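The structure appears below as structure tokens.
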Amino acid sequence: MTTAALGSPRTYHVRTYGCQMNVHDSERISGLLEQAGYVRAADADNPDVVVFNTCAVRENADNRLYGNLGHLRPVKDKHPGMQIAVGGCLAQKDRGEIVRRAPWVDVVFGTHNIGSLPVLLERARHNAAAEVEILESLEVFPSTLPTRRESTYAGWVSISVGCNNTCTFCIVPALRGKEKDRRPGDVLAEVRALVAEGVLEVTLLGQNVNSYGVEFGDRLAFGKLLRATGEIDGLERVRFTSPHPKDFTDDVIAAMAETPNVCHSLHMPLQSGSDDVLRTMRRSYRAERYLGIIEKVRAAMPDAAITTDIIVGFPGETEADFVRTLDVVREARFASAFTFQYSKRPGTPAATMPDQLPKQVVQERYERLLAAVEEITWAENRNLVGTPVEVLVAVGEGRKDERTGRLSGRARDGRLVHFAAGSYAGRIRPGDIVHTTISYAAPHHLNADGEPLSHRRTRAGDAAEAGRAPRTGNGVLLGLPTVGVPSAM
Ligand code: SF4
């Protein structure tokens, strides 16, 4: 029975925490709820159903969740029939504990059974009791679920879920399970469906895209998949995240370089520049191998922008280890880096390791790392001043500066560009393509203040103007009102 059958449609609101994988899962949660007859709440403060799509990676994630659930309790008391559902990694981890600590929660669902959410909500309403359903492994590949896409011009496409690695700081293998690879034909069908709706850019998503294919016995499957996306007419930009240095093969570099629509941007987590720390992290590559991949990528694509993740202050990290990380950062010349201070994540092997570092040591190293990263990213950005750039105009990205009238978007290499619309003012829509020239560089963005060289109207821009975003899953593609991209936390 759908909610629509019960009278006026019930409204929902999804709150998303964590990584891109979660943001994409939230698109599926929205798609599922809408297929079941719910409508997105205009007033996010007072929906009939609130879904928390949680993350277990961030520090104090559980305190924040229980704090947020506590704030909702009086709201729910005043709103008869309101339901609260908690899903995502923290739900997978805490399971029944959530309804014990917050008995006003109606549904707890895990990372493997997103598709059950509408049924669990209905069952909880019918039985007037909490429903907790956590599965140990995936039943249906999530990409077959209906998906309410948030963007008219860019879409995420999962190629795999789960991870076969055992990095000691990471909770993902425990919560998302072993890697499951989607078949290339299914991935490409989803990409084609998005492009048919006007999407220009796709990001292929997996915890470790370089091991894509292990499950169906083709070690070269990821490079082949990249090349196959090059055959799709109308697909202008292909990105992927995240590769793992351990599994990175030369054929992927060749596929990136030789497939015109694959962007020359590579986000490859380093985590540490010290071989000893990499060993205790159970990351089975070494700094030399990491730098070797970068060298090959740069040889094949001199314009490649390489970005990374770095953890500072991992248990046992010495000053010498940290200096090695700084050395690798200087050698790699990253276009940007996400830097994290190590903190214990319950349930991970690293949380119980000896030699946890004092907070002030971690903080001091973190500040030095940040300064080094920023010096390099700024210098790299300054090298681009005076060069032409193609910008895919974004919505909700960076700023649309009212004072200067600048719009924002991403260059092919992933850099954020704020640009003047010049004589095209009022005609450029999110999803359109603008060519312009970089006039100024800051550490985290570029400006282009001159008259654009050109503006191209796209079907994604038409869809944005008409207020439509593509919807995929179960073979359906429907036009829907578009809303701002949810922020990942
Ligand atoms: S590769 Fe390591 S860090 Fe990445 S998801 Fe797998 S276990 Fe976690």
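Note that Cβ sites are derived from N, Cα and C of the backbone, with glycine treated the same way.
What TrEMBL records for Cys19, Cys55, Cys89 is [4Fe-4S] cluster 1 binding site.
Cys163 ([4Fe-4S] cluster 2 binding site) carries neither a helix nor a strand DSSP state and counts as coil. According to TrEMBL, the feature [4Fe-4S] cluster 2 binding site maps to Cys163, Cys167, Cys170.
What TrEMBL lists as compositional bias 'Basic and acidic residues' is 446-462.
Sequence annotations record features per position, and here TrEMBL assigns domain 'MTTase N-terminal' to 10-126. Under DSSP, the residues of the domain 'MTTase N-terminal' (10-126) split into helix, strand and coil as follows: 58 helix, 23 strand, 36 coil.
Per TrEMBL, domain 'Radical SAM core' is recorded for 149-380.
Residues or ranges marked as domain 'TRAM' in TrEMBL: 382-452. Sorting each residue of the domain 'TRAM' (382-452) by its DSSP state yields 4 helix, 27 strand, 40 coil.
According to TrEMBL, the region 'Disordered' annotation covers 445-475.
Around the Cβ of Cys167 ([4Fe-4S] cluster 2 binding site), 21 further Cβ atoms fall within 10 Å across all displayed protein chains. A separation of roughly 13 Å, to the nearest angstrom, links the Cα atoms of Cys19 ([4Fe-4S] cluster 1 binding site) and Cys170 ([4Fe-4S] cluster 2 binding site). Surrounding the centroid of the Cβ atoms of Cys163, Cys167, Cys170, where the record places [4Fe-4S] cluster 2, the chain contributes additional residues within 8 Å, namely Asn165, Thr166, Phe169, Ile171, Val172, Pro173, Gln207. Just so you know, the Cβ of Cys55 ([4Fe-4S] cluster 1 binding site) picks up 22 other Cβ atoms within 10 Å once every protein chain is counted. Not one of the binding-site residues Cys19, Cys55, Cys89 has a CB under 6 Å from ligand 1. The domain 'TRAM' (382-452) scores a mean pLDDT of 90 in the predicted structure.
Shown in sequence order, Val57, Cys163, Arg345, Thr348 are the residues of the chain, 6+ apart in sequence, with a C-beta less than 8 angstroms from the C-beta of Cys170 ([4Fe-4S] cluster 2 binding site). Cys167 ([4Fe-4S] cluster 2 binding site) sits 17 Å from Cys89 ([4Fe-4S] cluster 1 binding site), taking the CA atoms of both as reference points.
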